[in-house]
Amino acid sequence: MNALLNILLCTLAATALAEISPNIVGGSNAAAGEFPWQGSLQVRSGTSWFHICGCVLYTTSKALTAAHCLSNSASSYRLGFGMLRMNNVDGTEQYSSVTSYTNHPNYNGNAAGYPNDIAVLRLTSSMDTSSSAVGPSVWLLVERLCRTNMYDQRMGKTQWRWQHPNNLQKVDMTVLTNSDCSSRWSGISGATVNSGHICIFESGRSACSGDSGGPLVCGNTLTGITSWGISSCSGSYPSVYTRVSSFYNWVQTQ
């Protein structure tokens with residue numbers, strides 16, 4: 001089967017049943033304060049702000065997201081943290097404009113598998129981590145014992161072409177070896193898995209539109225950044241993430 005590999009923020013061609021896209025299907029509601037590092041990357045349109053991707057706080061003033069989420073000037077973005085519900089004000093929300101951002105120098109949106117799909121965002125205002133609603137994730141150089149199940153957190157759609165859920169979603173997924181992941185994607189043009197990727201899979205559960213850039217964690221250890229998956233959000237293919245431990249040294253220089 002041949003398919004066009006795409007990372008999508010908003011829309012897909014209706015006729016392409018096997019295109020590639022990032023976001024969460026088959027998840028459940030997260031509790032308040034359960035994932036305090038989860039953020040929303042938003043873009044301004046007129047006087048309003050709209051969620052386009054996830055992000056993850058790793059210091060009080062820096063966050064990570066997927067490089068493919070960023071194409072405009074830094075001033076067109078803001079980050080929101082402490083947001084459990086997208087359409088409600090819970091009183092725990094904190095927002096900051098973006099001073100600057102840096103995509104990985106070897107990111108290539110035209111290459112198969114979208115290698116090096118990671119970016120650093122610098123916040124204008126540091127986040128207040130005195131409450132349980134907002135706080136940075138722990139990021140270690142290796143994945144420790146995170147070899148089986150991990151939590152994926154998302155603010156994207158719960159089904160392709162459905163509306164975004166109001167509540168932050170989570171899903172428990174199984175980690176695959178990269179060899180197994182590559183085999184499951186065989187036959188899909190452009191679906192290349194490399195050492196800078198980590199894959200998770202659970203039948204009927206998947207990333208979906210709007211989840212790009214969001215975190216994959218084991219406990220409070222950041223392991224992956226949502227990069228790409230199947231656009232139908234069917235849960236029939238693995239979801240592919242940027243393996244953050246592969247980029248530890250680069251991020252520390254930013």
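Just so you know, glycine gets a Cβ as well, placed from its N, Cα and C.
Between Cys69 and the candidates Cys10, Cys53, Swiss-Prot records the disulphide bond with Cys53. Swiss-Prot lists a disulfide bond between Cys199 and one candidate from Cys181, Cys218; that candidate is Cys181. Using Cα positions, the member of the recorded positions Cys181, Cys199, Ser212, Cys218 nearest to His68 (active site, charge relay system) is identified as Ser212. Among the disulfide-bonded residues listed here, namely Cys53, Cys69, Cys181, Cys199, Cys218, Cys69 has its C-alpha nearest to that of Asp117 (active site, charge relay system). In this structure, the disulfide-bonded residues under consideration are Cys53, Cys69, Cys218, and the one with the smallest number of other Cβ atoms within 10 Å of its Cβ is Cys218.
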